[in-house]
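Input: a single structure, listed below in C-alpha cells.
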Amino acid sequence: MATVVTKAVEEPKKTVKRDTLRAIEKKVQQLWENEHVFEVNAPTIEEEPDDSILHEKYPKYMGTFPYPYMNGRLHLGHLFTITKLEFGTGYERMKGKRALFPLGFHCTGMPIKACADKLSREIKQFGPEFKIPDQDDLEEGVKDLELNDDNAIKSQDPSGAATKVSNKKGKIAAKSTGQKYQFQIMQSMDVPFNEIAKFSDSNHWLYYFPPLAIWQMRKLKVLNKVKFGERYTIYSPFDGQPCMDHDRQSGEGVGPQEYTGIKLQVIEWSEEAQNTLGSVKELENKNIYLIAATMRPETMYGQTNCYVGTGLNYGLYKINETDVFLCTYRSARNMAFQGYTSERGVVHQIAEVKGAALIGTKVRPPLSKYDQVYVLPMENVITTKGTGVVTSVPSDSPDDYITLQDLKKKSAYYKIDPSWAAFDPIPIIDTPTYGNLAAPTVCQQKKINSQKDRVQLTEAKEIVYKEGFYNGVMLIGDFKGKPVQEAKPLVRDLLISNGQGFLYSEPEGLVMSRSGDECVVALCDQWYLDYGEEEWRKQAENCLEKMNTYGNETRHQFEQTLAWLNKWACARSYGLGSKLPWDPQYLVESLSDSTIYMAYYTVAHLLHGGALDGSKPGPLGINASELTDQVWDYIFCDGPFPATSSITQEKLDKLKREFKYFYPLDLRVSGKDLIPNHLTFFIYNHVAIFPEHLWPRGVRSNGHLQINGEKMSKSRGNFMIVAESVEKYGADATRVTLADAGDSIEDANFEESTANAAILRLFTLKEWCEEQVKNQNNLRTGPTDNFNDRMFENEINKLIQQTDQAYKDTFYRDALKYGFYELQTARDWYREATVVEGMHRDLILRWIEVQALLLSPIAPHWSEYIWHEVLSKKGFIIDASFPKPLSPVDESLLEAGEYVRKIIKSIRDLEIASQKKKKKGKAEDFDPNKPKTLKIFVATSFPEWQDIVVEAIKQNFNEDTKSFDDIKIRENLSEKGILKNKKTMPFVQEFKKRVEKFGTAAFNRALLFNEYDTLVTSKEYLQRSLRYSNVEVLRGDEAKEEEEKRAIEVAVPGDPGFLFKNIVDN
C-alpha cells in the first residue's frame, strides 16, 4: 500500500544497502524459525520440583502488549509501543532470564462488527464481485452507504440544528485512506479479493484473525464484583446498547455528566410566543416548563430570571399527559432515554419556537424569593451542552451577573422591557474571601464589563465556583447555616421530592458510535463491574503503590483514574464477543473481556494444536470442554484439585507450573490513552482474582507516534503500516528509528531521515566489521597499555555500564545513544588517534563483539549476522550474555579523554575567532591553512581571585535546598576587594552553574588526571588532527617571551593557554 508522507524524504535511487540488510534479516529470521529460538517454557517439575527456589534458580521475565483490534493491519504506532517491550524482552533474555513476550489479537467488540456490517451493505449495492460503477454513481453510492444513514435521520434535530451524523468528525473520518468502501480497505490490507465477501459475516473474522478465550467473568460474579441495576451510561440508540470506549468512532474517555433539571413553569407567554404557540391544541391545559440544567442546585434560591439564546430553535416535547418540556432537541433526546417520556426512547415534539419569541415570557423559579421572573436573552447559550435554557443566579454566577448588567444598561438594544431585568441579586452564600455576593465582587475586581470578555469570565467562574463550594455557607433557605458541600445534595433531593426538579445526564462531550450514531446518556438496567467500590479500590491502589510505572506522569494518571472511575457496564447485546455465562442474551463488553487474558498466554501453547479457536487439542490432549471453572481455579488461583475432572493431575500440574513460573506479569506496555480504561481495569481485575504475590509488577505507558513531526493519520497522508515500513527501510532500520523516537509519555517522532541514516550506518558498519575481521592479522598485537589503548578500552567499559542502565530503565533512546552512537564515536577517536602505531587487534575484536551485543535488543538481525557470520561465534547472539566491563571504569582516564577532545575544539574555535578579527583588522596575520606551530601552556594552579570566589560560593551554598545566598556572596567578595575585577561576576555565574550540575563535587577543582602528561602523550594526535607542523607542551614557568606570558595568564588547570603562529620561511 503506497504512503505519501507530509514531509517527504526521497527514495534512494539505489537501494543496494537496504536490500543487503533486508536479505540478512530474512536469512536470520529463517535461522531463528528453524531453531524455535523464541519459544520459551518454564522449567519442568522434573528439572526443579521445589517452587520456593524456582525463580531464584531460573529467573524469568514476562511482558505483554494489549492485543490490537484486527479490523486493520498494525501500523507504526502499534509497533512503537510494542518495541518498548520487545527491546526489553531481548535485554532481559541477555541478562540470563527466560523471557516471554506472547502476543494475540482482539476480535471482539464493535470495530469488527462495524466493518462486517459496512461490507454487507456494499455487497447489497455492488454484488459479491464489488463491481464499481462510474465515478458519478460512485460518489452517489458513497452517500447511500454513509454509516447507518437511516440512523442519521433518527438523530436529526427536527428544529434544523446541525446534528446530522454524516457531518461529524471522528475516528472514521480520521482514518480515511482514500478508499471509499470497506472492500477497498480490505484490499489495501492485502486480503485476497476472492476472500473479501466472506468478511461480511462477522464470525469469519474470528477465523481469519482468531480470538483468545477468557474465563474470569464467572469468577468476578462469584466475588460480587459484577452487579445488576439501573445506572446512567453512554448509549447508542441505533445499536440499542451501551457504547463503551472501544465501541466509539469518537469521544473515547467521555462519560455521563450529571445535572439537576430545573422546572421553570410558564405563567404567561410573551406576546410573540403566544402568537406562535397559542393555537397549538396539544398545549392546551398542559403544565409547560422551561427546563434548565444546573450543576449547582444549592444556588436556586437566588434565581432572578432565566436566559435563552435568541437564535436557537427550541422544541416543546410531550413528557406525559399533563406535562410539556421546553428545551433543545438534543437534551430532549437524552431525557427520553432516561425514562422521563411516556414511551422510553421516543421524542414526541409538539411544536417549535425561536428563542427570540420567548423573551418576556413569565416563569416561576423553584425556591427563589421571587415568585415570578422573566425570560431574557443571552449571547453565549449553546445547544451542545445543557438544555439551551439557563437559569440565572447573578449573585454566584459571573456570566449571569454580567449578562444581567448588560441588559439593564442596554435594554433598548436588547429589545426588552427594563422592568424584566429589574431584579437585584440575592445573597444566598457567604464566602470568607468574596462576601455574600461573590460574582459581582469578582467581576468588579477583574474589571469585567461585558458578556464578550470570555477569558476573564472563565477565570472568574472558576474562582467563584471553587470558593463557594469549598468555603461557602448557606445564608437562606431550608439548609441555612450548612456548608455548601453538605447543602448541595440536600437541595437537589428537595427539588426532586417537590416535583420541581429531576436528575438529568448527558455525555460530557460529543460521542459517536462506530455505527455512526450520536450517543446519549441512558438509564439502563445492565450488568456492570463495581469499579470504585471502596475495598476493591483500596486493593487497586495498593497494587499501584508497589508497581513500577517507569515515570511519575503514568503514576499520576493512574491515581486520577482510580479517584473517579466507578461502575462500568460490562455487557452488550450487539457485536462480537463471549456470551455472558449467566445471562447469554448479552455479550461481554470488549474492555471487560481483555483484562487477565495474559495469564492464559502462559498455558496456551499446551492447549492449542495449531487452531486458536480450540477445535484442535494441543500437546496435552485436553479438549476445550474439559476446562471447567474448577480447573482454572486450580491452575490460576491455587484452588483445590478438581477431583471430578477428566484431566489427570500430571497434566494440570504442568499447566500450573507454566502459569506459576511466568506469573506475575513483570511489565505491561501500552499507549497512555489506555490508562483511563483498559490498564486500570487490568489492575482491578488482577487484584480481585489473583493472590497478592501474583499482582502485576509494572506498567509502562508511552505517547503517540508522529511521523516527521506531524500527527500520523490516513487523512494527512502520512500513515504507515508496519509491513510498509519494513519494505521501505528494513526491520532493523525501522527498529533503530523507533528506539530513537523517544521514551517519555509525551508524543514521540519517527523521522524518516533517521531511518534512511540508519540504513547507511548499519550497512557501513557491517562492511567495516567484515574488513577488520578479515584483515585482523594486519592489526597491531602485543601489550595494550599505551594511553590510547587504555582510554579506548576504558570508554568501552563505561559505555557498557551506561547502556546496561539505559536498558534497565527502559530508556531505549539512551541505550541507542550509548550503545551505538557513542560507542562508534569512541571507535572513530581510537582509529584517528592510532594512525601511526595502528589499532590493536584484541581491542578491535572486543569492540565489534561489544557493539553486536549492545545493539542486539534493538537491531537483532544485524547483530546476529555480525555474531554468527563475521565473528564466527557459536549459538545465537540473542542467547548470549549481556557484556560486562573487563575492568573497573577509570574515571580519570575518561576525564583525560574528554579533555583531549575539548582541547581540539578550543583550538579550532580560537582559529575561527582569529580569522573573524583578522577581517576587522584587529588580529595578527595568521592563516590556519598555511604551515603553523602550536604551543600549549599548562597551568599548575588557579588564580588567587578564583580561589576566593570558589570559597565564597562554598560558604554560602545550602546543600539541602541547592540554593545560594547571593547577597552574602557579594558581601564576601566585596570584603576581599575583588568585585572590581571584571572577570569576577561572570566567573561567579559560571561556577554556580557547575555547582548546580555536579553538586558539592564541583568545589574540588583538582583534576583526576595529569594534564601535562596527557597532552604530551596526545601531541601526535593533536598535531595530526589540527594539521600543525609542530606542537609543544610547556609548563607555565617555561613561558619566557611576552606573548607566551600573555598565553599563560589566561590558563588554569584543565583549561590551558594557546599560542599559534605561522611558520616563517627564512
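Cβ atoms here come from the backbone N, Cα and C positions, even for glycine.
Heads up, TrEMBL stuff is auto-annotated, nobody curated it.
Fair warning: this is a prediction, and the values are worked out from it, not measured in the lab.
What TrEMBL records for 55-118 is domain 'Aminoacyl-tRNA synthetase class Ia'.
Look at TrEMBL and you will find 652-755 tagged as domain 'Methionyl/Leucyl tRNA synthetase'. Look at the domain 'Methionyl/Leucyl tRNA synthetase' (652-755): DSSP puts its residues at 57 helix, 19 strand, 28 coil.
The feature domain 'Methionyl/Valyl/Leucyl/Isoleucyl-tRNA synthetase anticodon-binding' is assigned by TrEMBL to 789-919. Averaged over the domain 'Methionyl/Valyl/Leucyl/Isoleucyl-tRNA synthetase anticodon-binding' (789-919), the predicted model reaches a pLDDT of 93.
Taken from TrEMBL, the feature domain 'Leucine--tRNA ligase RagD-binding' applies to 938-1006. According to DSSP, the domain 'Leucine--tRNA ligase RagD-binding' (938-1006) comprises 42 helix, 5 strand, 22 coil.
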Counts of helix, strand and coil residues, the domain 'Methionyl/Valyl/Leucyl/Isoleucyl-tRNA synthetase anticodon-binding' (789-919), according to DSSP:
100 helix, 1 strand, 30 coil
